[in-house]
Amino acid sequence: MLRIADKTFDSHLFTGTGKFASSQLMVEAIRASGSQLVTLAMKRVDLRQHNDAILEPLIAAGVTLLPNTSGAKTAEEAIFAAHLAREALGTNWLKLEIHPDARWLLPDPIETLKAAETLVQQGFVVLPYCGADPVLCKRLEEVGCAAVMPLGAPIGSNQGLETRAMLEIIIQQATVPVVVDAGIGVPSHAAQALEMGADAVLVNTAIAVADDPVNMAKAFRLAVEAGLLARQSGPGSRSYFAHATSPLTGFLEASA
């Protein structure tokens with residue numbers, strides 16, 4: 001069971017809504033993933049219409065919606081988008097994204113921290129997408145963010161946990177949930193994130209662009225479950241030396 005702010009989730013896999021070939025395929029994949037928290041970009045939906053092609057099936061599916069501020073380049077733009085989302089969707093939950101460079105889509109640490117502090121004061125449950133910077137993640141936690149969402153690699157790159165060393169520090173020092181977001185390309189990446197101590201992962205591109213998004217979503221669900229179970233089972237420690245699993249000389253001594 002994963003708890004973030006006032007909500008609990010059975011699934012440790014969060015999903016996105018972008019890049020799917022159709023809304024129907026998107027919903028089928030989300031259901032197959034078992035995800036209970038789904039993020040959506042405000043710029044992709046008509047907030048005035050609950051029968052929007054993306055919004056309506058998500059509401060019908062009964063998932064928790066996590067609007068994001070993707071496309072915002074400054075703290076001010078993100079705060080404005082957050083208030084639009086709260087008014088239209090009736091939720092205080094927000095994935096804070098501020099990335100001014102459209103080529104790399106890397107989060108702006110200064111603007112993100114600035115916006116997070118203001119939004120928390122205004123009553124939002126803020127989950128900030130951020131770089132894998134342990135100092136920044138701690139600062140975001142200190143200003144009241146409900147979780148932190150450091151990247152594994154650039155958005156949509158499918159490179160995996162390229163920031164693993166920093167993620168390990170973030171996880172070790174965090175007192176709020178850590179959700180690895182961005183760059184996760186295959187289910188094994190998700191399993192590794194859970195094994196190393198992450199509380200959840202957010203996956204979008206890897207599922208949406210797969211030849212079979214529904215089966216890929218199932219694969220991610222199983223990988224997250226396996227990674228969490230492995231961590232809870234207490235993996236053995238790594239060693240520089242070999243350690244035999246069977247006696248090496250006993251049978252020789254017995255036959256002598």
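In case you wondered, yes, glycine gets a Cβ from its N, Cα and C as well.
Under the heading active site, schiff-base intermediate with DXP, Swiss-Prot lists LYS95, citing similarity to another entry as support. In the three-state DSSP scheme, LYS95 (active site, schiff-base intermediate with DXP) falls into the strand class. For LYS95 (active site, schiff-base intermediate with DXP), the same-chain residues 6+ apart in sequence whose C-beta sits under 8 angstroms from its C-beta are THR39, LEU66, PRO67, ASN68, THR69, LEU127, PRO128, TYR129, MET149.
Here Swiss-Prot flags GLY156, ALA182, GLY183, ASN204, THR205 as 1-deoxy-D-xylulose 5-phosphate binding site. The 10 Å shell around the Cβ of ASN204 (1-deoxy-D-xylulose 5-phosphate binding site) contains 21 further Cβ atoms across the protein chains shown.
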>> I want to verify one value. Collapsing DSSP to three states, which class is ALA182 (1-deoxy-D-xylulose 5-phosphate binding site)?
In response: coil
> Within 8 Å of the Cβ centroid of the 1-deoxy-D-xylulose 5-phosphate site residues GLY156, ALA182, GLY183, ASN204, THR205, which other residues of the same chain have their Cβ?
Replying inline: GLY16, ALA153, PRO154, ILE155, SER157, ASN158, ASP181, ILE184, GLY185, VAL203, ALA206
>> To see if you understand the setup: which same-chain residues, six or more apart in sequence, place their Cβ under 8 Å from that of THR205 (1-deoxy-D-xylulose 5-phosphate binding site)?
In response: GLY16, GLY18, LYS19, ILE155, GLY156, ASN158, GLY185
